[in-house]
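Peer 1: Got these off Swiss-Prot a minute ago, pasting:
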type	residues	note
REPEAT	133-163	repeat 'PPR 1'
REPEAT	167-201	repeat 'PPR 2'
REPEAT	202-232	repeat 'PPR 3'
REPEAT	236-270	repeat 'PPR 4'
REPEAT	271-305	repeat 'PPR 5'
REPEAT	306-340	repeat 'PPR 6'
REPEAT	341-375	repeat 'PPR 7'
REPEAT	376-406	repeat 'PPR 8'
REPEAT	410-444	repeat 'PPR 9'
REPEAT	445-479	repeat 'PPR 10'
TRANSIT	1-59	transit peptide
Amino acid sequence: MKRFRIRSVDFRQLVNFFSFMRWECSSSATVWVRFNMTIRIINRQSRFCCKSFLSARLYSSSEQVRDVADVAKNISKVLMSSPQLVLDSALDQSGLRVSQEVVEDVLNRFRNAGLLTYRFFQWSEKQRHYEHSVRAYHMMIESTAKIRQYKLMWDLINAMRKKKMLNVETFCIVMRKYARAQKVDEAIYAFNVMEKYDLPPNLVAFNGLLSALCKSKNVRKAQEVFENMRDRFTPDSKTYSILLEGWGKEPNLPKAREVFREMIDAGCHPDIVTYSIMVDILCKAGRVDEALGIVRSMDPSICKPTTFIYSVLVHTYGTENRLEEAVDTFLEMERSGMKADVAVFNSLIGAFCKANRMKNVYRVLKEMKSKGVTPNSKSCNIILRHLIERGEKDEAFDVFRKMIKVCEPDADTYTMVIKMFCEKKEMETADKVWKYMRKKGVFPSMHTFSVLINGLCEERTTQKACVLLEEMIEMGIRPSGVTFGRLRQLLIKEEREDVLKFLNEKMNVLVNEPLCD
């Protein structure tokens, strides 16, 4: 066993470790933060080393086949438990082999952790018999753009260009991410530069640009682009539907109606997507009866209402406290021969929650089970949010414990439960939920970290809060100004300015690091 431990840490890591400890010991108040991290590094290296021998034995048999989800989950655990200093060696020693499906799964799980995601992306690229798929590149482009690493994003695009992997969707993603960051000019530039990448813009790209602008609440700019470029492309029903949805979100119902009429005049027949958007717009404008009239006027032989349309109607009736109409609409859908999906059931659950009819909520869950419809994280979140808002926290936790047996909670689910226990001053239980979430391989969001750090600050558990903040930064997640400011005030009050300086330096690295070696 000792032989494996010696091999688990290479010479460069040992040099870094000892020089690192020598520097840190000059500041006694900082030691408790860094010492904790250093011990974790050594322990994890030993553990991963022992596992690697067993993993190698398992993989020596051609009969051993691992499920993609299981491998992705195991890689996720390595990523979440390993500091950046030893991340590559931890992945190497895990013995886990990657495939395109596995990499895509992991990238999806860590889509909100740009730094960590990119480290894994780099590591996987070096593995034998593996090449990144177009989808993996697209997911990485999204992750880097999300943390405003645009230079790296274009480096990825150029790498795809060399491999002849670029397509229109690549630039649609770039336009969408720029627009979401309110970089409208850059989004339009991405559209115009396609020609230089041997991809002449087509109607799909044009629609992609309009969609990016509309979804980022820049519908007026989208309308302007449409007017200026409509002669270059022949608008189709999707083009008009995009603008229709954009004006609906503005919200500007008269302009949405105008676009709808223009669509008809241009000879573009509304499809089910157009009708769905129009129903959604009217419902959000408080005109659910008019929306229902549109549904009634649809010719079932040409355009049959979808479960999405019914879910919107049920949801709207619920928010307007028209529970009877919500139930009637649900039953009408079933009578039409259409089977309710999880989205429709969730709308019905929301309607019953709004009316505080919890017995009916639990009956709906039973009906879902009898009809083979599995609740999802949103089902759980709707119920939890309602119970927590009403102060029924014990019942909320009971629902949480039951729901995790039938569905996969997301980060929002865990965040609500952790926040609930922090507010109840039950930090031990909050910590248990946090550890359970990590064990299940669910990647914490910025909000998940924030609620726990804020809870620890409230209890004046400064050391744990600092370690958690450091872990958050290590994962490439930037803390909110409120969370960092709260911990900062606490450290100043406790006269731990050196620890604050250390955390500030870590933050600066996260903000300024270009992510590429």
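In case you wondered, yes, glycine gets a Cβ from its N, Cα and C as well.
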Peer 1: I'd like the per-state residue tally for the repeat 'PPR 9' (410-444) from DSSP, helix first, then strand, then coil.
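Peer 2: Going by DSSP assignments, the repeat 'PPR 9' (410-444) contains 26 helix, 0 strand, 9 coil.
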Peer 1: Please spell out the DSSP helix, strand and coil residue counts for the repeat 'PPR 6' (306-340).
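Peer 2: Each residue of the repeat 'PPR 6' (306-340) counted once, the result is 26 helix, 0 strand, 9 coil.
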Peer 1: Grab the same-chain neighbours of the repeat 'PPR 5' (271-305) for me: Cβ-Cβ under 8 Å, and only residues 6 or more beyond its ends, written as numbers and ranges.
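Peer 2: Residues 237-238, 240-241, 244-245, 247-248, 251, 253, 256, 260, 263, 312-313, 315-317, 320, 329, 333, 336, 338.
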Peer 1: Do any residues of this chain, six or more beyond the ends of the repeat 'PPR 10' (445-479), have a C-beta under 8 angstroms from a C-beta of it, and if so which?
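Peer 2: Contacts of the repeat 'PPR 10' (445-479) (Cβ under 8 Å, skipping residues fewer than 6 from its ends): 32-33, 36-37, 80, 83-84, 112-118, 147, 411-412, 414-415, 418-419, 421-423, 425, 427, 430-431, 434, 437, 486-487, 490-491, 494, 496, 499, 503, 506-507, 509-511.
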Peer 1: Are there residues at least six beyond either end of the repeat 'PPR 7' (341-375) with Cβ under 8 Å to its Cβ atoms? List them, or say none.
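Peer 2: Hits for the repeat 'PPR 7' (341-375): 307-308, 310-312, 314-315, 317-319, 321, 323, 326-327, 330, 333, 382-383, 386, 390, 403, 406-407.
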